[in-house]
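The region 'Amidoligase domain' feature in Swiss-Prot is assigned to 1-266. Sequence annotations record features per position, and here Swiss-Prot assigns CTP binding site to Ser14, Asp147, Ile148, Glu149, Lys187, Thr188, Lys189, Pro190, Thr191, Gln192, Lys223. The annotation UTP binding site is assigned in Swiss-Prot to Ser14, Lys187, Thr188, Lys189, Pro190, Thr191, Gln192, Lys223. Residues or ranges marked as ATP binding site in Swiss-Prot: Ser15, Leu16, Gly17, Lys18, Gly19, Ile20, Asp72, Lys239, Asp240, Val241. Sequence annotations record features per position, and here Swiss-Prot assigns Mg(2+) binding site to Asp72, Glu140 based on sequence analysis. For 291-544, the entry in Swiss-Prot reads domain 'Glutamine amidotransferase type-1'. Per Swiss-Prot, L-glutamine binding site is recorded for Gly352, Leu380, Gly381, Met382, Gln383, Glu403, Arg472, and the stated evidence type is sequence analysis. Annotation comment: Swiss-Prot describes Cys379 as active site, nucleophile. Marked as active site by Swiss-Prot on the basis of sequence analysis: His517, Glu519.
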Amino acid sequence: MTKNYIFITGGVVSSLGKGIAAASLGAVLEARNLKITIMKLDPYINVDPGTMSPIQHGEVFVTEDGAETDLDLGHYERFIRTKMTCLNNFTTGSIYSEVLKKERRGDYLGSTIQVIPHITNAIKDRIILCSKNSDIILVEIGGTVGDIESLPFLEAIRQLAVDIGRKNVIYIHLTLVPYIKTAGEIKTKPTQHSVKELLSIGIQPDILICRSQKTVPINERKKIALFCNVPVNAVISLKDVDSIYTIPKLLKDQKLDNYICEYFKLNVPQADLKEWEKVIYEEKNASKEIIIGIIGKYIKLPDAYKSVIEALKHAGLKNKIKVKIELINSQEIENKNFKLLQNLNGILIPGGFGDRGIIGKLLSVQYARENNIPYFGICLGMQIAIIEFAQNVIGIKEANSTEFDPQCKFPVIDLIKTKKNDIKDTRQGKKNNKSNFGGTMRLGSQPCKLIFNSLSRKLYKKDTIIERHRHRYEVNNFLLKKIEKNGLKIAGRSKKNNIVEIIEIFDHPWFIGCQFHPEFTSTPRDGHPLFIDFIKSAKKNKKNNFKIKVKNV
């Protein structure tokens, strides 16, 4: 089958939801038995998001093969079955880095290196490389049309239509159609100007997806079609919705998938969205509500915990209950402000870096452990649980992680042995030209062997699991025997190098910590066993209406 490409651009303003639109369209096309993959092209100069601030950029989504990517790839995996790889996301920085390496090697034979053709050719090569095993490749171009940063990407996708044939390319432009409340009108002018900007680059959009507070009426759609030179049935209205998982149905109801399949001359069955209809039904019919607290330090931007938040919601669907999420700054708990925790039915500490807010996290773990509140620790959250247990159950008050105190006397958490030479002295703030944080972690999918009588083994229903990782610190084995004698059990270790992967407290209603990131593999259709059981336990916690007596922690 001929490879077909759909390029998705955005106009007027940023943050319109190109990633959600691309993922939703991918879900509908996949439901027509088409093999789909989705790419994200980011116009920033960073090589990848791995060292970017979560408060600026949101979470870093880790793929199976260990690529640190844009959070939109998380949306892609939650909507379609295809797993993303390092090929599905690249940046301006990675393209320039690749071209400059080739120039240094002499690959260009002394040519003057320019944006056109060298940068644009590198972009096109990456897009084609990712398309090998797919029928349709959706490519989301980051940024907004008109931004200087996006120009090389836009030029590259313009050229691709010439290279592979215009009949094999669809350009979708996502644009804002604002509703002016005081006038009671929907305005089409911003969309017209955005398309004009795109035309000046040499790209005529085939489809317009119009984002608005309300459904864009047919008369306004006809007006947009006339001035933007697209068919009326290719002007799609995408209004604000309560749940992003309703969007595949919204697109199908407007026959967007039919238009695309007819354009590409694809003879495929109609989309079967029964799985998505089930998800929507579960959302609408969830009864009651539980409150889960996420204790972190990046709470100013909820997208910093995007996959965790979505995984909790997925687990709520499977338990037929609404999950209300409270993002709590761990620093606010450092003065023992436990009122922030008293109404929670479950406590989750996600991954993170650095020592800011650690005391608040330690107190939160102690509060959950001593008051029988379901606790879920992910990555750093597991390490914090071990430190807290060593300090307050075993009585080793100086127990700590070398991430927070490089000279600590009892390092229950330490750098992974293979990573100690990678980051040099960066953890102590001493940097030189060989120091590097980027790409120095244990990344991607790793196998883990589960202990037979553990809760984790019961939930996964298998002896060996494969989960994704992103860390450079591990549990130090030197105190583990003493820790296990006091009630905290090792429920799983990595097969390759015996790293502690899962911990449990058996005599607690629900207390699990994992070194990996299960949130990256949770989907609305399937959920994830750890999250599903965590929410089940939190639901039981509320049902039993435990009266918490705050202990002196």
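Glycine is no exception: its Cβ is also placed from the backbone N, Cα and C atoms.
A quick note: this is a predicted structure, and the numbers were derived from the prediction, not measured.
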Key: For the binding-site residues Gly17, Gly19, Pro190, Gly352, Gly381, the one whose C-beta sees the most other C-beta atoms within 10 angstroms   = Gly381
Ask   = So what sits near Cys379 (active site, nucleophile) in its own chain, CB-to-CB under 8 Å and at least six residues off in sequence?
value = Pro350, Gly351, Gly352, His469, Arg470, His471, Cys514, Gln515, Phe516, His517
Query = Highest CB neighbour count within 10 A among the binding-site residues Ile148, Leu380?
reply = Leu380
Request  = Measure the Cβ-based neighbour count of Lys187 (CTP binding site), defined as the other Cβ atoms within 10 Å of its Cβ.
outcome  = 15
Request  = Going by DSSP, give the three-state secondary structure for Gly381 (L-glutamine binding site).
outcome  = helix
Query = For the binding-site residues listed here (Ser15, Thr188, Thr191, Gln383), which one has the lowest count of neighbouring CB atoms within 10 Å of its own CB?
reply = Ser15
Ask   = Within 10 angstroms of the C-beta of Asp240 (ATP binding site), what count of other C-beta atoms is obtained when all protein chains are considered?
value = 11
In the chain carrying Gln192 (UTP binding site), residues 6 or more apart in sequence that have Cβ under 8 angstroms from it = Ile224, Phe227, Cys228
